[in-house]
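Take a look at the following structure, please.
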Amino acid sequence: MSRKEIYEPRPRYPDGYNGNRAVKKSLSVLSLDNMKSTLSGLFAPLKLDEEQAEDDESLSSYEDYASRQIDDDLKKQRKKGITFIDYSSLITFFCKLCVIFGLGFVFTYLAEQIVQDAKLPLLTVNLKSWKFEPPWPAIFGFVAVILGLSYRRMDTKYPLGAAPLRPSQSSKWQWISRYLAAFATLLLSMKKLLFISNSHSIVALVASSASIWYIFDRSRNGIILSTITSVLGSILYYNLVDTSKIELNGVEFPEIQFRLWIPMILFSASTIVGNAGRLLF
């Protein structure tokens, strides 16, 4: 039987069907394309561990560099600001110290002039056989600075005993002028009391001290510090200063009068200077 006579069955397919081989071919092509797209979407090109470590190290080093730059810039800005503020504040603080020092210096200098006008000898320090006249204005100027700082420190540490009111910035110098007027009044009182009897002078100084405290202070901290200054100053005066043979207009001046004057004068002066320091600092 020849090949032509062999009957090959041909199955029937629906219209539009191109054959089983074409279908398989199209299905295989579609499946391959879908697989490629799926694989390309699911998997990205992988990096080695060394490459990943290098990338992480470079990123961290860049972040460290950026943070250091920011920190350096902030430090420079803070340093500039702090230097400027410190410089200006130091100048202001020094000027305030000079004002307080000047109050103590001027008051003591004028008090010495009053003593000289009354033809009284200047106070000398007696240490055994060594006698000398110290620069009282400069000494009391430094004492005034210590008092001014002590008043402000006391108010900060014990606010319940501080002064009731604190004046505004614009009225501070008005209060300083009032303190100067109080110093002048105290000096005039000293000058007049040199020619008054002992009992009257003590009463006048006590009244003057109480008035100065009531007008300029009225605080518990102020009266405590002024009292401490008065007591310590009086003790040093009694033990160190030589007041023997004091003569006023040829008549021997009683030493007891000076001894009773000193506490009241120190109390009044410390009240004025302390409140000036409380005002400025």
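Just so you know, glycine gets a Cβ as well, placed from its N, Cα and C.
Okay, so Swiss-Prot annotates it like this:
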MOD_RES   SER28  phosphoserine
TOPO_DOM  1-93  topological domain 'Cytoplasmic'
TOPO_DOM  121-134  topological domain 'Lumenal'
TOPO_DOM  160-170  topological domain 'Cytoplasmic'
TOPO_DOM  216-221  topological domain 'Cytoplasmic'
TOPO_DOM  257-260  topological domain 'Lumenal'
TRANSMEM  94-120  transmembrane segment
TRANSMEM  135-159  transmembrane segment
TRANSMEM  171-186  transmembrane segment
TRANSMEM  190-215  transmembrane segment
TRANSMEM  222-256  transmembrane segment
TRANSMEM  261-281  transmembrane segment
When each of 94-120, 135-159, 261-281 is checked against the transmembrane segment (171-186) for Cβ pairs under 8 Å, which one has the most?
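Comparing 94-120, 135-159, 261-281: 261-281 has the most Cβ pairs near the transmembrane segment (171-186).
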So which residues does the transmembrane segment (94-120) touch in its own chain, when a touch means Cβ under 8 Å and the partner is 6 or more beyond its ends?
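For the transmembrane segment (94-120), the nonlocal Cβ contacts are 136-145, 147-148, 176, 179-180, 183, 186-187, 190-191, 194, 246-249, 253, 269, 272-273, 276-277, 280-281.
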Quick check on the topological domain 'Lumenal' (121-134): DSSP residue counts for helix, strand, coil, in that order please.
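The composition, in the requested order, is 0 helix, 7 strand, 7 coil.
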Looking only at residues six or more beyond either end of the topological domain 'Cytoplasmic' (216-221), which have a C-beta under 8 A from one in the stretch?
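Tertiary neighbours of the topological domain 'Cytoplasmic' (216-221) are 151, 154-155, 158, 160-164, 178-179, 182, 271-272, 274-275.
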Residues sitting near the transmembrane segment (135-159): Cβ under 8 Å, six or more positions beyond its termini, same chain?
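Long-range Cβ neighbours of the transmembrane segment (135-159): 97, 100-109, 112, 122-123, 219, 221-222, 224-225, 229, 269-270, 273-278, 280-281.
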Per-residue pLDDT averaged over the topological domain 'Cytoplasmic' (216-221) comes to what?
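That region's mean pLDDT is 84.
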